[in-house]
Amino acid sequence: MQRLLLPSLKAFTGSRTVGLLAPRAASRAQCGCSFGSRHPLKPGQYGTVTEVALQSGKGAVPLPSKAAEQAVGRWLLVCSGTVAGAVILGGVTRLTESGLSMVDWHLIKEMKPPTSQEEWEAEFQKYQQFPEFKILNHDMTLAEFKFIWYMEYSHRMWGRAVGLAYILPAAYFWRKGWLSRGMKGRVLALCGLVCFQGLLGWYMVKSGLEEKPESYDIPRVSQYRLAAHLGSALVLYCASLWTSLSLLLPQHKLPETRQLLWLRRFAGGTAGLVFLTALSGAFVAGLDAGLVYNSFPKMGDSWIPEDLLTFSPILKNVFENPTMVQFDHRLLGITSVTAITVLYFLSRRIPLPRRTKMAAVTLLALAYAQVTLGISTLLMYVPTPLAATHQSGSLALLSGALWLMNELRRVPK
């Protein structure tokens, strides 16, 4: 029987691996032992294809083990946490109007903060040459400048720490052979996005340092660049979190019914809506649109304010009119929480695993908590602690949406 099977297997696989298993098969045939029993192996005998690949060492690269996948998953989970920290710290930096305190950018040189009185005064004099000091902070003291400078400094240093958290472990895992071919491409993309994010941050800051002689408005960064900076950070966060969840959480083998297909699609659309709502918050922050109408549910005395379409062309209102920006953010927020509510009730109509049900309940609770925070922030005229919590809540809500999507993902065939 062995003489009949082995040539056929060799011809079918074209691999020498099967041939290396022949000595063990022969020894079992001679002794009449069953396949389920275990015996000590003699030199030159191998128990599995993986052992053969490791011992031969000739062009055979073992796939990453389950332990290696868990290590990579935990690393990416930590990385997504560092990105979340950067987003939250960036929001606080914006709320405290600290983002324009550092007027130049150096990758290594600026890592050392001023230490002497002379260095601090020199740094303060550089800040005094730019519009924010001249128009908004012309009576600022050195002690007040140190506070906003350290806020921006901590945000930049955190960004560098995020870069190291991605790049150094990625190089280690790559060298150890713990990354599959597909994972290598994904890790390269994540590391590239981290570097791009740093450059985009400085590009954003530059827009707030430019002199605008025709304008006496409060100097602020471009809301377009702010949205791009936040959007790239959210993409980095989502990609890292999704990959880590896919590696760490065992996948459910759910029956592919029509109801499940619609639930999966609806969950994906809801997650996209949550992402868009969070991104619209960048325009609210960039234009200080949260201070335009501080009432709810109406905007002032009407449901639709009169100055909603004052800019021309009309499309300009969507991105540059503070009233329209706040109106859009309200509308997106209400639509998001409505969609999440519908998603929750749809999930209850389908038999789902316990962990998936927990993800749906968590998402629903986060949605209503986020709406409560948003309304409270609006009614209280955007206090910094509450506004920062609301911005953090958007990340938590996005995380919940990604978790539920990951629970419902299709099992690859």
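For all residues, glycine too, the Cβ spot is worked out from N, Cα and C.
Nobody curates TrEMBL annotations by hand; they come from automatic prediction.
On a predicted model such as this, the values are computed, not experimentally measured, just so you know.
Residues or ranges marked as transmembrane segment in TrEMBL: 157-175 (among others).
Per TrEMBL, transmembrane segment is recorded for 187-205 (among others). Distant neighbours of the transmembrane segment (187-205): 76, 79, 99-100, 102, 105, 156, 159-160, 162-163, 166-167, 170, 173-174, 179, 221-222, 225-226, 228-229, 232-233, 235-236, 239-240; these residues of the same chain sit at least 6 beyond its ends, with a Cβ under 8 Å from one of its Cβ atoms.
Positions annotated as transmembrane segment by TrEMBL: 225-249 (among others).
The annotation transmembrane segment is assigned in TrEMBL to 270-293 (among others).
For 329-346 (among others), the entry in TrEMBL reads transmembrane segment.
Annotation source TrEMBL lists transmembrane segment at 358-382 (among others). Under 8 Å from some Cβ of the transmembrane segment (358-382) lie the Cβ atoms of residues 95, 290-291, 293-296, 333-334, 336-337, 340-341, 343-344, 347-348, 352, 389-390, 393-394, 396-397, 400-401, 403-404, 407, all in the same chain and six or more residues away from its ends.
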Other parts of the chain folded back onto the transmembrane segment (225-249), taken as Cβ under 8 Å at six or more residues beyond its ends: 69-70, 72-77, 79-80, 83-84, 86-87, 90, 94, 183, 186, 189-190, 193-194, 196-197, 200-201, 203-204, 207, 275, 278-279, 281-283, 285-286, 355, 395, 398-399, 402-403, 405-407, 409
Residues from the same chain, set at least six apart from the ends of the transmembrane segment (270-293), whose C-beta lies under 8 A from its own: 91, 94-95, 218, 220-224, 226-227, 229-231, 234, 238, 299-300, 305, 319-320, 322-323, 325-326, 328-329, 332-333, 335-336, 339-340, 343, 377-378, 381-382, 387, 391, 394-395, 397-398, 401-402, 404-405
